[in-house]
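Let me give you the structure first, and then I'll get to my questions.
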2 protein chains.
Amino acid sequence: MAMQDARTPENGSEPRKPGWHKGYVSGSRPDIRVPVRRVHLTNGKDVTLYDTSGPYTDPHIDTDVRRGLAPLRENWIVARGDTEEYAGRALRPEDDGLKHTSPRGGLKNLDAVFPGRPRQPRRARTGPQGEGAAVTQLAYAKRGEITPEMEYVAVRENRTPEFVRDEIAAGRAVLPANVNHPETEPMIIGKNFLVKVNANIGNSAVTSSIEEEVEKMTWATRWGTDTVMDLSTGRNIHTTREWVLRNSPVPIGTVPLYQALEKVDGKAEDLSWEVYKDTVIEQCEQGVDYVTVHAGVLLRYVPLTARRKTGIVSRGGSIMAAWCLAHHQESFLYTHFEELCDILRAYDVTFSLGDGLRPGSIADANDEAQFAELRTLGELNRIAKSRDVQTMIEGPGHVPMHKIKENVDLQQEICEEAPFYTLGPLTTDIAPAYDHITSGIGAAMIGWWGTAMLCYVTPKEHLGLPDRDDVKTGVITYKIAAHAADLAKGHPGAQDWDDALSDARFEFRWEDQFNLALDPDTARAFHDETLPAEPAKTAHFCSMCGPKFCSMKISHDINEQFGSDEGGTLTEEEVREGMLAKSREFADAGGRVYLPVAD
Amino acid sequence: MAMQDARTPENGSEPRKPGWHKGYVSGSRPDIRVPVRRVHLTNGKDVTLYDTSGPYTDPHIDTDVRRGLAPLRENWIVARGDTEEYAGRALRPEDDGLKHTSPRGGLKNLDAVFPGRPRQPRRARTGPQGEGAAVTQLAYAKRGEITPEMEYVAVRENRTPEFVRDEIAAGRAVLPANVNHPETEPMIIGKNFLVKVNANIGNSAVTSSIEEEVEKMTWATRWGTDTVMDLSTGRNIHTTREWVLRNSPVPIGTVPLYQALEKVDGKAEDLSWEVYKDTVIEQCEQGVDYVTVHAGVLLRYVPLTARRKTGIVSRGGSIMAAWCLAHHQESFLYTHFEELCDILRAYDVTFSLGDGLRPGSIADANDEAQFAELRTLGELNRIAKSRDVQTMIEGPGHVPMHKIKENVDLQQEICEEAPFYTLGPLTTDIAPAYDHITSGIGAAMIGWWGTAMLCYVTPKEHLGLPDRDDVKTGVITYKIAAHAADLAKGHPGAQDWDDALSDARFEFRWEDQFNLALDPDTARAFHDETLPAEPAKTAHFCSMCGPKFCSMKISHDINEQFGSDEGGTLTEEEVREGMLAKSREFADAGGRVYLPVAD
C-alpha cells in the first residue's frame, strides 16, 4: 500500500527535497513520544503541526499491513494490572455474514484472515463479587490518576496532564482507547481541545474489498482524520474490521447494530438483546474504541416523526424504530442500557450515543422528535458516566444556520457538557454532489460553538459510496471546518499555522506556502498549472513613511495635536514641503510600497 | 459556444427527457417577462426557480455571440426621455493596451472587433445650466416612480414593486442597470432580497482569449451567478469588455483603475484624474453596470498597514497606496469623488466602493486600517447617495468566524444599510487550493447576517487563474452559501426548494432529486457511478400507530391523563394487550415503518 506523501516524488522527475519530516515530542518518560509534522521553511524556521498519519509517514519505521502496527500502548495497559487476557468468544461464520460454508470461505483479497501476531483479548479483571473493574480513562481520571495516555494527549494538545485528567473526569472529554486496540496513538475529544474530525469508511457487498477499506483508513489519516468509523455492512464485517484495527493508529468507531442486523438476515424485528450483546462483546474483544448506540429511540418518540418531511433518516434509528413498532416495547438498547455500560467499561469502549431521530432535511431540524431523543440521551449519559463509561453524544444532520447554535447549547445543557459529535450539519438540502460543502459550513459553525468532533460528509453523500478521492475531499473539507472553529474559539496556538502560511504568502515563499498547506500536492499542482515562479521578496512597510510621520502631518484634522520641531504647529507651507520631500524619497527608493528590510 | 444544459444529452446515447424548461412570469405589461426555471417533477408538479442563465437556455431564442443579445430594456430607457445618444469618445489604441500598431492589430480570436449592431452611447440629457439629469434608478425611486426595471425585479423576487422602490430609495438596495447595457435582465442587490453571487472573469496577456472570457461569462450565468466582474488586464481590455457586455444578461462590473493603469504602462505614480476619468467615461459608454472605486484609501491610512502580516492585498488598494506615497497627496479618486459621482449618474452606473485595505490574512482581520477605510467609505456613500448615484460597499477578505459579524454590523451602521458586497471572507489561511471552501463558510455566515452579494472565490485563489471548471466550482459553492443564507434569514419561499428536494429524496424520486439539484449533471453522474436505481416509494408514517395512540398508551408517565373508552385509566393488562395487538398489526402490514399512502 503506497502512501503518497511529501517524501515521495509524484512522478519520475528528480526527487523533490522533502518539505517536512515526521518528528516526535517526548513526554516525561521514554515511551511517550508524540508524533508531529515538522514543516521546514526556506527561511530556516520550522513549523510544528499536529499529526494523525501514524507510523506510515515515518521513514524509519517499516510498516506492513499483514503484520499490523506495533502495540504502542500495550505496556501501559499491562502495567496497570487491572486487565487480564482470556480465551474470548469463538469466531463464528455469521460474524462475517456467512451461513453454510467454512468460516473463512468467501472472503475477498489479502488472503482473508489477518495473519499478524496471535493475540488473546483482554478485559477487566473481575472482583471478589464477580463485578468487573472499571478500566476506563474516566475511572482513572475520577480517581485522580494521570495515565500515560493522558500525558500523551497533553503533549499533543499543548495542555497540562492535569487539565486533560480534569476534563475527562468531568465528562467534558473522552479519550477513546480500548484495551484491545493498543496500536492507537492516544487522542482526546472535548470542547476544550482541538476540534476533531471523523471519517467514515466501510465495505459493502457490492463494491469494495478489505484491502480497499484498509487503504481508505490509512489514506484518511494521512489527510488528518482523527478517528475512523468502520460502517461495513454485508459480508466480511468481522474480518474487515480486524484488518482495519490492527493497522489503525487512530481510534476506530462502529455501529454494532449494523453487524447484529446482518446476523438476523436484515430483519429488524428479529433482533434481540442476546444477538446484540454477543456482537458488542465480539467488537470489544477486537478492539473497537467507540460504539454508536441508538438507545434514545423510544417507542413514544417514533410517532413524532410521522409528520416529518423525511421521517427517520438514521439507519440505526430506523432499525430501532422498526423493532419498537414490531414489538411495541421499548428497545433492548434502552432496557439493557446498564448491562451494556458494564460490558463497555470492562474494555474501555466509549459510548457514542446515536441520534437516531436526527433531522434529515432542513424542514425537520430542531423538531420535537429530535429534542425528545436528546433529553433521553441526557439521561443515558448520566447513567453511563456514573458507571465510569466514557460518553459522547451524536448530533445532526440537516440544520439551517440560524438553528445550529440551539443544538449545541441544548446538548451541552442536557448532557452536562459531554462531547458533542455531529454529522455536518448540512445547511441546505439543494446541493447533492456538494454536501461536503453544504455541511462544511455547518460543521465550522457548530465547532466554533462547542462541538468536539465533526463527522465528515463526502461529495457522494445521498448519492453513492465514497471512493478514495471523495474520502480525501471529505477529510480536507472537515479539517478546514475544524481549524476554522479552533481559530474562532481562540484555541491557544491555532493561529500560528495561519500566520506561518500568510507570512510565506506575503514574502512570496511559494515552496513554504505549499508545504504548509493542508494539501500541499494540490496547491503545488494548481500553481504550476498557470503561474510562473516569482522572485522571493522580503516585505516591510517603507521605513521612510512610518506611522508617526504620516499620522502627524497628513491629516489636517489632527494637525493641532502635534508640534513641529520648533514647538509650534506646522504651517500649510511646511506641510506642503514635507510632503514633497517624502514624495521624492519614495521615488528615489524605487517607488515600491514595501521595501526589503534586513531582519 | 455550446451551452451544456438539461436539454442537451451529454453523450451520444438517447436524448434524456428534459427535466426542466425555461419559463416566463409576466408583469403588468407584455414587455415585462421574467425568466424562471421550471423543474418538472415526476409526480406531475412543477417547481419554479430563479433563473440567471439568460436567453441562452431558451430554445425558442436563437442566440449568436457575434450579434449579441437583444436590447431588452431599450424601449424602457428611451421612453423615459431623459437620455440621448451622442457621438461618444473616440476609440484609441491604448484602450486595448496597444501603442504603435493599428487600433485593431494584435487582437486574438473572434475576428476581434465586435461585429454586432452599430450603436451610439447614451447619456443623461443636460439641463439648462449644463448639469446632467439624474437617470438612475435611485433618482426615480426617490421621486416615487416605479420603473419597469423595478417591476421586473419585484416579480423576480416575489415582492411588491413598491417595496422594491422603497428599498432603492432608502439606499438599502441597488439595481445596477447602465443605460448603455440594455441587454441586462434587471436584478437587485440588497439585504431584504435574495442573497446574490458575483463571479470574476478576466483575461490576462498570458493565458486567455476573448472567446474564452465570453464563454466563462455565459458559463457562470448558466450555474447561477447574478453578476459578473470583468477584471481583465493586459491587452484587449476594451474589446474583450465589448464582447462580454453585448452578450451578457447579467450586470457587468469592472475596476476601471486596472485599465487606467495599463494606459500608463503599469506605473502607478503616472496615474492621474484625467486618465482615470477618460477610462471611466469609456466604460460608462460601453455599458458597465457597476465600478469598483478604491476612493477610501487615504494617505494617512497607508502606514496603518505597516505592521500587518500581509500588508495591502487588494490590487486596487496597493495601486492607490503607491500613488498616494509617490505624490504624498490624497488620491484623485477621493479628491474628485463628486465629479466622479456626476459622471456615473449620467449613465446610471453603480458605485461599488472598494475596500482597498481589506485584510489578506486571519491575523489582519478587523484592524485599524480596515475600519478606518470603512468610515471613509461611509462618508463617500453619503455623498454618492445625495447625488443620486446607487452605491454598494465592498468588504473582506480574510476573517475568522468570530470576527465576521462585526464586519456586517459596522458596515451597516456606518454606511446607512447600503448593500454590503464581500469577498468570502476566508475563515482560515491554511488551505490554498480549497479557498472556495474556506471562504464559502464565511460567505454563508456573512450572508445570513446581512451581506447582500457574495463575490465568489475559486479553488485557484492565491495560486493561479481559474479555468472553466474552477468557475463552475466557485459559482456552485457560492450559490450554496447564498441559499444557506436565504434560509437562515427566513427569506420568504426560500425553503420551498429544499422541501421539494427533500420530498423527492424521501420518496426515492431520483430523477426529481437530480433535476432539482443545484448541479443536476454531477448529482446524476455520482449516483450512476455506484448505486443502482431503487424502486419508487411513497412514504408516510404507518397509519395504525399514529401519534395519538402511542403518546397516550405507551408512556406510563402520562397514563393518568387519558381515560380508556370506559372512562377509567388503563390497567397494565390492558396496556400489554393493546401493545400486542399493535405489534401484530405492524407485522401483518408487512413490518414497514413507512407505508404507501394514497394521497
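Note that Cβ sites are derived from N, Cα and C of the backbone, with glycine treated the same way.
In case it helps, TrEMBL gives these features for our protein:
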{"type": "REGION", "residues": "B:1-31", "note": "region 'Disordered'"}
{"type": "DOMAIN", "residues": "B:19-84", "note": "domain 'ThiC-associated'"}
{"type": "REGION", "residues": "B:93-133", "note": "region 'Disordered'"}
{"type": "BINDING", "residues": "B:Asn200, B:Met229, B:Tyr258, B:His294, B:Ser314, B:Arg315, B:Gly316, B:Asp355, B:Gly356, B:Leu357, B:Arg358, B:Glu394, B:Tyr421", "note": "substrate binding site"}
{"type": "BINDING", "residues": "B:His398, B:His462", "note": "Zn(2+) binding site"}
{"type": "BINDING", "residues": "B:Cys542, B:Cys545, B:Cys550", "note": "[4Fe-4S] cluster binding site"}
From the binding-site residues B:Asn200, B:Gly356, B:Arg358, pick the residue whose C-alpha lies nearest to the C-alpha of B:His398 (Zn(2+) binding site).
B:Arg358
Substrate site residues B:Asn200, B:Met229, B:Tyr258, B:His294, B:Ser314, B:Arg315, B:Gly316, B:Asp355, B:Gly356, B:Leu357, B:Arg358, B:Glu394, B:Tyr421: biggest Cα-Cα distance, Å?
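With B:Asn200, B:Met229, B:Tyr258, B:His294, B:Ser314, B:Arg315, B:Gly316, B:Asp355, B:Gly356, B:Leu357, B:Arg358, B:Glu394, B:Tyr421 as the binding residues for substrate, the largest Cα distance is 20 Å.
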Long-range neighbours only, meaning 6 or more apart in sequence with Cβ under 8 Å: which ones does B:His462 (Zn(2+) binding site) have?
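The answer is B:Pro432, B:Asp435.
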Taking each of B:Ser314, B:Arg358, B:Tyr421, B:His462 in turn, which of these binding-site residues have a Cβ less than 8 Å away from a Cβ in chain A?
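Qualifying residues, whose Cβ lies under 8 Å from chain A: B:His462.
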Taking DSSP states H, G and I as helix and E and B as strand, how many residues of the domain 'ThiC-associated' (B:19-84) are helix, strand and coil?
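Looking at the domain 'ThiC-associated' (B:19-84) with DSSP, the answer is 11 helix, 22 strand, 33 coil.
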Among B:Gly316, B:Gly356, the binding-site residues in question, whose Cβ has the most other Cβ atoms within 10 Å in this structure?
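Result for the most crowded candidate: B:Gly356.
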What are the sequence-distant neighbours of B:Tyr258 (substrate binding site), meaning same chain, six or more residues apart, C-beta distance under 8 angstroms?
B:Leu231, B:Ser232, B:Thr233, B:Ile237, B:Arg315, B:Gly316
Using a Cβ-Cβ cut-off under 8 angstroms and a sequence gap of six or more, which residues of the chain neighbour B:Ser314 (substrate binding site)?
B:His294, B:Gly354, B:Asp355, B:Gly356, B:Leu357, B:Arg358, B:Gly360
Measuring CB to CB from B:Tyr421 (substrate binding site), give everything in the same chain under 8 Å that is also at least six residues away in sequence.
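Looking at Cβ-Cβ distances below 8 Å from B:Tyr421 (substrate binding site), excluding near sequence neighbours, one finds B:Ile189, B:Asn198, B:Ser352, B:Met392, B:Ile393, B:Glu394, B:Gly395, B:Thr451, B:Ala452, B:Met453, B:Leu454, B:Cys455.
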Indicate whether B:Gly356 (substrate binding site) is helix, strand or coil by DSSP.
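The three-state answer is coil.
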My understanding is the cutoff is Cβ-Cβ under 8 Å with a sequence separation of 6 or more in the same chain; which residues meet that for B:Asn200 (substrate binding site)?
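Looking at Cβ-Cβ distances below 8 Å from B:Asn200 (substrate binding site), excluding near sequence neighbours, one finds B:Val228, B:Met229, B:Leu231, B:Cys455, B:Tyr456.
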Please compute the mean pLDDT of the model over the domain 'ThiC-associated' (B:19-84).
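Across the residues of the domain 'ThiC-associated' (B:19-84) the model's pLDDT averages 95 on the 0 to 100 scale.
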